[in-house]
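Under the heading domain 'ABC transmembrane type-1', TrEMBL lists B:97-327. Feature annotation from TrEMBL assigns transmembrane segment to B:12-32, B:103-124, B:136-158, B:196-218, B:259-284, B:304-330.
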Amino acid sequence: MPSSTPRSGIDPMEWWRRFQEEHAWQLREFVFTLGLLRRNPSAVAGSCIIAAMVFLALAAPWIAPHDPIRISLSERLSSPSWHHLFGTDELGRDIFSRVLFGARISLRIGLLVVGIAGGLGTVLGAVAGYVGGKLDDAIMRCLDIVLSFPSLVLAMALAAALGPSLRNAIMAVAFVMIPKFARLVRGEALAVREKPFIAAAKVSGAGHGWIILHHVIPNCLSSVIVLGTLVVGETILIASSLSFIGLGAQPPTPEWGAMISVGRKFLMDQWWYATFPGCFILVTVIGFNIFGDALRDVLDPRIRR
Amino acid sequence: MRLLRYIAKRLLHLIPVLLGVTALVFVISHAIPGDPARMMAGQKASREAVENLRRSMGLDRPLHEQYLRYMWGLLHGDLGRSVRSQRPVAEDLKDFFPATLELTLASMSLCLVVGLPLGILSAVRRNRPVDHASRVFSVCGVSMPVFWLGLMLLLLFYRNLQWLPGSGRLDVGLDPPASVTGLYLVDALLEGNGPVFFNALSHIILPAFCLSYVYLAVITRIVRSSMIAVMEQDYVTTARANGLAEAVVILKHCLKNSLIPTVTIAGLSVGELLGGAILTETIFDWPGMGKYVVDSVNFLDFPAIMGFTLVVSLSYVFINLTVDVIYAFLNPQIRY
C-alpha cells in the first residue's frame, strides 16, 4: 500500500484554505472577471435569460400547469386563455406546459453537444498543437474536411444515416461541432507550447500526456468556455432544425422544433401552435449569444478594461 | 501571371479536399448505417429485394472495392437511383437546382443591398440609435430559427395582410417562361414577359428575405466592425484634413478597404445559405433541392439525401475557392 497522502482525511475548510493559497492568482482573476461581467449590460441580460431558462427547465414539473403529454380531445386546438396560457395542440395538450418541458430537452441537447464536442475537440486540438508535425497535419486535414460541409447539411446527412432519433441527432450535431473547438485549441496550444513553463516541466521529467493535461488544456480553457457558450446557441438552432425536418426528437416528445413542425400544419387557423415554441428558441439562443459575446469581450486581454 | 499561379496552386489544393469530402459522404452512406441495402431499398422492401439490391450494388464486396466503384460512378455523374422517384438522383437534382440557385442568388443580393448600407450607417453613426437598432437586428438574426421566421412571415404577409403569395414560384394558372437559365426572373425578362416577371418577383420576396436574414445580420456586423477599424486609420484623417467631402471619405476611402473581410464572410455565407435553403424551401413550398431533400428525409430515400449532401458540399467548396481568388484579386498584399 502506498503511504496515505497528507490530503486524505482533511476537513473541507482546511482544503479550501489550501486551495485559496495555491490558486490565489486564478481566484483573483476569476473575481475580477465576474466584476467586469457585472458591469457589462449584455452579459447581465444574457445571463438573466440563461438563468431564467435553466430555472424554467428545472422547475418544469412543479410550475407546468398541466401534464405535457396528457391528451384531452375535448379541448383540442383551443386558443390561448387563462386556463391554457399558450393554447392547446391538436390532441388537447397544453402548449405552455409542453414548451416548459421543451426547455429541459433543448438545454440538455446544448449541454451534451458542448460537452462531447468541446471535450473531444479540445483533446484533439491540444494534441495536434502540442505534438505538431505529421500528426498535427493529419488531424487538422481531417477536421478541415468536416468544415467543408455546411453544418446543417452534414448534420442532416449524419442524422439520416444513423436513423431519426434525438440521441442520433445529438451525436450528429456534436460531430459537426468538433472542428470548431479543435481549431481554436490548436491555435492556443501552438502558443502555449513555446512558453518557458513547458520547458521547465519537460526538464523536471513530465511526460507529454501529463503536460497536455496539466498545462496545455488548462491554458486554453477560457477560450473554450467562450466558444462553448456560443456553440450552445448554435446547437439549439441546428438540433431544433433537425427535429423540424423530422430527424431529431420524435412527435410525442415536447421538443420545440418538433412542436413547430406539427404546428406548421395548423398555422393558418391556429397561429399560437407554432408561434410560442419558436419564441422560446429565439429568446434562449439570444441569451447564449449575447452572453458569449460579452464573455469574449471581457476575457480578451486586448480589449479587457 | 502571379494570380494565375495562385489559382493553379489553389486548384491543386482542391484535390485532397474533394477526395476527403467524397470519402466522408461514402463513409456516411456505406459504413455508418447498420444495413445500407435496407436503407437504400426503403423500409417497405421485401427481403429478396434487399438481397438483390445488395448484390447488384456490390454491397457484399469488401469496403475498399465498394469505394472504388463509388468513385468510378461519381466520375461519371452517377449519384445512385432515388427510391421515391425511381429516377437517377443526378437527374432529379438537375431539375431542382435552378430554383435553389435563384433563391440563393436573390438572398445574396438582398444581403448585400441591405447589409452593406446598414453596416456603413451603423459605423458612421456609431453608438447612436441607428447603431443600437442595427445591433438588435443582427443579434436577432444570428439567433433566429429560420424555419420559425418563415412561418411568422407567412402569418403576417400571407394570412393577415394578404400582401404576398405564400408558396411556389408562380401562381397556379401561370405558365413558366421558356427555360434559358432556369431562373424564372431572368427568363421572364429575356422573354419580355412583364406579368410573369412581377408574379415571380412577388413569390420570391418572402423566401429570399427569410433565407437572407441570418446572413444579413452577419454581414451588417462585419461591415460595421471593419468600417470602424478603417475609419480610425491615419490616412482617413489625412483625407478629411485635405478637405474631402465626408461622403467621398466614407464611400471611396473607407468602404473599399473594409470590403475585404466582407467578401470572405459573404463567400462562407453562400454555403450556409445552401443549408438554410433546406428549411426555407420547405416552409414556402419552393420547388428546389432543399424541399427535395426534406421530402426524401420523410420518405427515408437515402440515395437522394446523400446525393444532395455531396452536390451541396461540392458547391460550397467551389464557392470558397472562387472567394479566395476574388480575395487575392482585391488585396494585392496577399501572399501567393
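Placed from the backbone N, Cα and C atoms, the Cβ positions cover glycine too.
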Problem set entry | In contact by Cβ distance (the transmembrane segment (B:196-218), the transmembrane segment (B:12-32); 3 or more pairs under 8 Å) | no
Seminar exercise, completed: Given the transmembrane segment (B:259-284), its same-chain partners at Cβ distance under 8 Å and 6+ residues beyond its ends are 99-100, 103-104, 107-108, 111-112, 116, 119, 146-147, 150-151, 154, 166-168, 206-207, 210-212, 214-215, 218-219, 222-223, 226, 290-291, 293-294, 312, 315-316, 319-320, 322-324, 326-327, 330-331
Exercise. Residues of the same chain, at least six outside the transmembrane segment (B:196-218), with any C-beta under 8 angstroms of its C-beta?
Worked result: 102-104, 106-108, 110-111, 114-115, 118, 137-142, 144, 146, 149-150, 153-154, 157-158, 164-166, 168-171, 174-177, 184-185, 188-189, 265-266, 269, 272-273, 276-277, 280-281, 283-284, 286
